[in-house]
Protein chains: 2
Amino acid sequence: MSVAGVGEFGLIDRVTSRLSYGSTVLLGPGDDAAVVAAPDARVVASTDVLVEGRHFRRDWSSADDIGRRAAAANLADVVAMGADPTALLVALCVPADAATDWVEGLADGLGAEAAEVGASVVGGDMSASPTLTIAVTALGDLGGRTPVTRGGARPGDLVALAGRTGYAAAGFTVLSRGFRTPRLLVEAYRRPEVPYPAGPQAARLGATAMIDVSDGLLADLGHVARASGVAVDLTRDAFEVPPQMRDAAQALGVDPYAWLLAGGDDHALVATFPAATALPAGWRVVGRVGEGAGVTVDGLPFDGPGGWDHFR
Amino acid sequence: MSVAGVGEFGLIDRVTSRLSYGSTVLLGPGDDAAVVAAPDARVVASTDVLVEGRHFRRDWSSADDIGRRAAAANLADVVAMGADPTALLVALCVPADAATDWVEGLADGLGAEAAEVGASVVGGDMSASPTLTIAVTALGDLGGRTPVTRGGARPGDLVALAGRTGYAAAGFTVLSRGFRTPRLLVEAYRRPEVPYPAGPQAARLGATAMIDVSDGLLADLGHVARASGVAVDLTRDAFEVPPQMRDAAQALGVDPYAWLLAGGDDHALVATFPAATALPAGWRVVGRVGEGAGVTVDGLPFDGPGGWDHFR
């Protein structure tokens, strides 16, 4: 059955009937707007959009995978402020001949990823469009914590990383060259494993700045360096090339450090902490904040590709 | 200059530099997420998406008009819950050859419409896409009021309307037939005049149900009737055909009541109130809630077109 066959309201019914709602949802889908608990009296909000052919391909990822990635990209932004995600809203534009099964799979992926952090899909909108497009807004609650911006890093701070980098970029390269393995890398591209609890944890530990790694570690630390008016130096030895990544890099003729340092979309969290901070498991020190500007690796500019621009 | 020429971050800088931020904005664009005041400890949230060719045409409306309409559609959803809008987030997908001027105009329209209700554009995302698409999420604060859903109408309640209906639909028909006048109707299509303050006002007056008229009065009251388990009967004589609409209807061979009763996109507010409610200026009684199901006009089914489905 196509989405045109069931119509807008039929499709909305099919999708909302698959969703479940956590305790933060005071009023779910089906009215003019949802009502979500915001006990902190401040709400954290972020929007990301995924466009078919640019951010995902239906022949590379299942509907469920794409839903999980769309949710993860937004939930990561919320935890990168130190907040707990509470809700997602989804604007979905699909070709009229798309299968309702595909849309239901997407909703399942969005809902499942949100549920991992106790959040729920509370609303949205759908339209036919020639271009499959998924815009997600995530809301979160700070629980009394100070939001961790990009602008608070100070010279002398540690730079620490939670989660993986380079896996999704390696998986993307593998798929781009027409391969389907190594499975570890391809799955990392399809379904990022975001270290969600590390975000609020970093805020509690006194992180001075934090960002989720969506454009690549160098580019995203560049945002932190610029916003904080500092320099960041990464330690190359802090990054181990995992065996499957090393093998894939060799087979494809790629420098694996280009994946590790410049690959985006794993949604790791990178944060700066006062030097005396005792970092718990899950965080590892990968560099240091200094005076100056820009991001270096072992004191030198990185000579690989550095970032990502969605218009180029 | 095209958006591809200035790049994603250049375009974001150009847009955010044009925006201003009200007192509800604790942290605006430029970080992983925005932080918005939610003094009520509940946040109202709604998402709507506009797709070029389906919801707007660049040759019919200026960028500023389209921005205003995109904002209005979402702000109307928030006030229809009885809440005060606080913030907008915008996911914008534009062809790479679009002019930066156009995007700046859109941002101006979004910001100006938000400012009318004391809200601000606090964040968003941009991507290139073959299909110009604008997804907007609006947030709002209930200020201690009970959210007014679609589900609370009771037999005996008054049905009252704030704002205009049929103007935008008439303007759309005029433009569809290749005309540019009457100006009143065309401008109503381009730039809806939403009775924003009437939403929170209705909540304070004890409205039992409320909805913004985006699909047409009959269709939207159909949502209220279904959610409330009641019937709604409209009084045809409560709707006056304004002179320009009468003339346009005559010239184009259209029943003006099809515009008034089934035309969407003016974002009027329609609400039900206990029969004894003294309605202030701006609200007029247009019907009555009864036992049963469905929406009638003077006791009979309306024999014109009834609604709108975005996949058909």
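Even glycines carry a Cβ here, placed using N, Cα and C.
Taken verbatim from TrEMBL:
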type	residues	note
BINDING	B:Asp32, B:Ser46, B:Asp77	Mg(2+) 4 binding site
BINDING	B:Asp32, B:Asp77, B:Asp212	Mg(2+) 3 binding site
BINDING	B:Thr47, B:Asp48, B:Asp125	Mg(2+) 1 binding site
BINDING	B:Asp48, B:Asp77	Mg(2+) 2 binding site
BINDING	B:His55, B:Asp265, B:Trp308	substrate binding site
BINDING	B:Gly124, B:Asp125, B:Arg150, B:Ser214	ATP binding site
BINDING	B:Asp215	Mg(2+) 5 binding site
DOMAIN	B:30-140	domain 'PurM-like N-terminal'
Tally of residues which DSSP labels helix, strand or coil - the domain 'PurM-like N-terminal' (B:30-140): 34 helix, 45 strand, 32 coil
Using Cα positions only, nearest of the binding-site residues to B:Arg150 (ATP binding site) (B:Ser46, B:His55, B:Asp77, B:Asp215, B:Asp265): B:Asp77
Protein Cβ atoms within 10 Å of B:Ser214 (ATP binding site), excluding its own: 22
Binding-site residues (B:Asp32, B:Asp125, B:Asp215, B:Asp265), the one with most neighbouring Cβ atoms at 10 Å: B:Asp32
Overall pLDDT of the domain 'PurM-like N-terminal' (B:30-140), taken as the mean: 96
Listed binding-site residues among B:Thr47, B:Asp48, B:His55, B:Asp125, B:Asp212, B:Ser214 whose Cα sits within 10 Å of B:Asp77 (Mg(2+) 4 binding site): B:Thr47, B:Asp48, B:Asp212, B:Ser214
Cβ-based proximity (under 8 Å) of the binding-site residues B:Gly124, B:Asp212, B:Asp265 to chain A, or none: B:Gly124, B:Asp212
Subset of binding-site residues (B:Thr47, B:Asp48, B:Asp125, B:Asp212, B:Asp215) lying within 10 A of B:His55 (substrate binding site), CA to CA, in sequence order: none
Greatest C-beta neighbour count within 10 angstroms, which of the binding-site residues B:His55, B:Arg150: B:Arg150
Whole-number Å value of the largest CA-CA distance among B:Gly124, B:Asp125, B:Arg150, B:Ser214, listed as ATP-binding: 31
